[in-house]
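**Student:** Please find one structure pasted underneath; my questions will follow.
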């Protein structure tokens, strides 16, 4: 798995991704399973889409960028890849059965209504 954390806050999000990798290693994920790439979206995306050893491209983000990913993959006819896209989503939240439900509901409501969902890291709706 390759994680490329390319976001509007280019100073903070790479640090989050690097911390994720560090915690994954501490949790026992073998070396090479999770890889972090930082850089500009177009540059990293192009390299991933066109590299012959990348077998699958997964992208979560805007529909506009998802179309660019598909276009880039379509252009690489000799290099067919699996692709999965999650476009224009609503930031899902998973609550497990062993969770403190009262606390989870309070935090989910806060995530939906904090900053009126101006940032994609918050839930888009509560259902």
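Residue positions begin at 1 at the first shown residue.
Heads up, the Cβ atoms here are built off N, Cα and C, so glycines get one too.
What TrEMBL records for this protein is below:
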DOMAIN    13-116  domain 'Aldehyde dehydrogenase'
ACT_SITE  86  active site
**Student:** Give me the mean pLDDT over the domain 'Aldehyde dehydrogenase' (13-116), rounded to a whole number.
**Tutor:** 82
**Student:** Measuring CB to CB from residue 86 (active site), give everything in the same chain under 8 Å that is also at least six residues away in sequence.
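**Tutor:** Spatial neighbours, sequence-distant, of residue 86 (active site): 58, 59, 60, 61.
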**Student:** Do you know the DSSP helix, strand and coil residue counts for the domain 'Aldehyde dehydrogenase' (13-116)?
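**Tutor:** Split by secondary structure, the domain 'Aldehyde dehydrogenase' (13-116) comes out as 53 helix, 15 strand, 36 coil.
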